[in-house]
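These notes are about the structure you will find just below.
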Amino acid sequence: MGMWASLDAMWEMPAEKRIFGAVLLFSWTVYLWETFLAQRQRRIYKTTTHVPLELGQIMDSETFEKSRLYQLDKSTFSFWSGLYSEIEGTLILLFGGIPYLWRLSGRFCGYAGFGPEYEITQSLVFLLLATLFSALTGLPWSLYNTFVIEEKHGFNQQTLGFFMKDAIKKFIVTQCILLPVSSLLLYIIKIGGDYFFIYAWLFTLVVSLVLVTIYADYIAPLFDKFTPLPEGKLKQEIEIMAKSIDFPLTKVYVVEGSKRSSHSNAYFYGFFKNKRIVLFDTLLEEYSVLNKDIQEESGMEPRNDGEGDSEEIKAKVKNKKQGCKNEEVLAVLGHELGHWKLGHTVKNIVISQVNSFLCFFLFAVLIGRKELFVAFGFYDSQPTLIGLLIIFQFIFSPYNEVLSFCLTVLSRRFEFQADAFAKKLGKAKDLYSALIKLNKDNLGFPVSDWLFSMWHYSHPPLLERLQALKNSKQD
């Protein structure tokens with residue numbers, strides 16, 4: 001009876017209070033669900049202390065224990081940072097942080113001689129202050145994650161000076177993109193008339209395509225060093241494979257990811273006939289800085305008589321050697337190119353843009369509802385930017401959760417398909433060994449709770465991928 005009475009009381013509240021209460025309730029429901037899932041996975045990390053039988057051939061007990069402890073530390077960090085984030089968000093809503101920041105932005109504009117009629121200028125100041133607040137409150141967490149957790153487990157390669165310089169650079173580059181794009185979007189919404197949502201959607205489509213096009217050529221090099229992959233067998237093999245599936249490859253780069261982390265990756269980018277492949281130096285056995293460091297530690301080159309190679313050094317090199325051999329790199333690229341050949345990239349863009357159009361259409365339907373603004377403390381004004389924030393971040397949050405889960409399920413399906421494509425290229429054996437090596441290099445824990453992995457994993461668990469490859473692996 002008590003529950004029904006409280007629900008009746010809620011429906012008797014004014015619309016704005018119901019909206020505010022529902023937003024807070026949903027936010028905490030999602031947080032508690034995520035925490036429940038994380039605790040299930042944490043139990044796996046705590047109780048699975050020995051390599052399971054089916055993993056005996058894949059992972060040695062030392063690596064297994066290292067990955068278990070790494071994931072436990074990450075899980076603890078995730079719990080506290082998630083709790084902080086949820087409490088911070090709740091306090092901002094309860095104490096009117098959003099309207100306060102809007103009024104503060106108005107005051108700053110007033111000092112510069114801009115009155116309330118300059119709504120777009122005030123919106124840009126609001127964005128600058130909000131992103132600055134977010135960067136400063138997130139900084140201690142980022143520092144702890146990098147210099148305590150990643151450092152402890154041997155992944156961090158950054159100095160504090162490099163980290164801070166990088167953070168400042170990221171903030172400035174973000175503002176250089178965010179502020180002009182936001183001002184144009186707000187202007188289009190203001191002057192677009194009844195069909196502004198179509199123009200706003202088209203504008204965001206063009207912006208996202210432009211950013212994807214220029215990111216690796218003009219934005220990424222501001223943070224990392226990109227060098228063309230030198231002529232040689234690997235480059236030749238990559239070009240032959242690309243040609244065999246009609247992939248219009250123009251350049252292959254190696255990015256110096258090792259100066260910030262020893263985690264590894266590979267990706268491709270570009271539109272139409274201008275595709276480029278980017279390989280992290282940590283992915284390539286020949287390029288990995290870690291391998292070079294081990295060689296230096298072990299006393300340069302091994303002596304011919306073998307006397308200079310102690311068992312300890314040999315074990316160290318064997319256990320610590322990072323990256324993949326050329327054949328395995330080709331298999332990883334075969335998987336990545338599979339995403340392109342099977343149309344996964346285009347399908348993801350189409351899904352993203354259909355979703356974007358739907359959201360702008362619903363925004364157009366809801367933007368005139370005054371109670372949405374009143375619910376978040378805006379009694380006298382209805383700024384467009386605040387409308388975007390309220391509707392996209394808060395009102396759409398249930399829809400966003402469902403969409404995110406559906407995209408995770410789709411992503412896992414795409415990963416299996418890309419693995420199968422690499423298998424068709426004759427790369428099953430090399431992809432099999434590459435996945436094991438990459439899991440080891442990145443200290444991935446190969447045992448997962450079924451519910452946690454179903455909700456979170458955009459890639460299928462390692463064992464499932466290996467089993468699918470094993471079914472028709474070449475001899």
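Quick reminder: no glycine exception, Cβ is built from N, Cα and C everywhere.
The transmembrane segment feature in TrEMBL is assigned to 20-38 (among others).
The domain 'CAAX prenyl protease 1 N-terminal' annotation in TrEMBL covers 41-225.
Residues 20, 23-24, 27-28, 31, 34-35, 38, 122, 126, 129-130, 133, 137, 141, 144-145, 149, 376-378, 383, 386, 389 of the same chain lie 6 or more positions beyond the ends of the transmembrane segment (77-102) yet place their CB under 8 Å from a CB of it. Residues or ranges marked as transmembrane segment by TrEMBL: 77-102 (among others).
TrEMBL lists 122-144 (among others) with the feature transmembrane segment.
The transmembrane segment feature in TrEMBL is assigned to 171-189 (among others). Same-chain residues lying 6+ beyond the ends of the transmembrane segment (171-189) with a Cβ under 8 Å from its Cβ atoms: 119-120, 123-124, 127-128, 131-132, 135, 196, 199-200, 203-204, 207, 211, 219, 222, 384-385.
According to TrEMBL, the feature transmembrane segment maps to 195-216 (among others).
Annotated domain 'Peptidase M48' per TrEMBL: 229-471, in sequence order.
Annotation comment: TrEMBL describes HIS335, HIS339, GLU415 as Zn(2+) binding site. Taking the Cβ of HIS335 (Zn(2+) binding site) as centre and 10 Å as the limit, one finds 24 other Cβ atoms among all the protein chains shown.
The feature active site is assigned by TrEMBL to GLU336. For GLU336 (active site), the same-chain residues that are 6 or more apart in sequence and have a Cβ closer than 8 Å to its Cβ are ALA266, TYR267, PHE268, ILE277, ALA418.
Look at TrEMBL and you will find 357-379 (among others) tagged as transmembrane segment.
The annotation transmembrane segment is assigned in TrEMBL to 385-410 (among others). Long-range neighbours of the transmembrane segment (385-410) within the same chain, counting only residues 6 or more positions beyond its ends whose Cβ lies under 8 Å from a Cβ of the stretch, are 19, 23, 26-27, 30, 98, 102, 123, 126-127, 182, 186, 351, 355, 359, 362-363, 366-367, 372-373, 375-376, 378, 454-458.
Per TrEMBL, the feature active site, proton donor maps to ASP419. Sequence-distant contacts of ASP419 (active site, proton donor), defined by Cβ-Cβ distance under 8 angstroms and a gap of at least six in the same chain, are HIS335, GLY338, LEU431, ARG465, ALA468, LEU469.
Long-range neighbours of the transmembrane segment (122-144) within the same chain, counting only residues 6 or more positions beyond its ends whose Cβ lies under 8 Å from a Cβ of the stretch, are 77, 81, 84, 88, 101-102, 104-106, 108-109, 114, 116, 163, 167, 171, 174-175, 178-179, 182-183, 186, 383-385.
Note: the Zn(2+) site is recorded as HIS335, HIS339, GLU415; in the same chain, GLU336, GLY338, HIS344, PHE414, GLN417, ALA418, ASP419, PHE421, ALA422 also have Cβ atoms within 8 Å of that site's Cβ centroid. Non-local contacts of HIS339 (Zn(2+) binding site) by the CB criterion (under 8 A, 6+ apart in sequence, same chain) comprise THR345, PHE414, ALA418.
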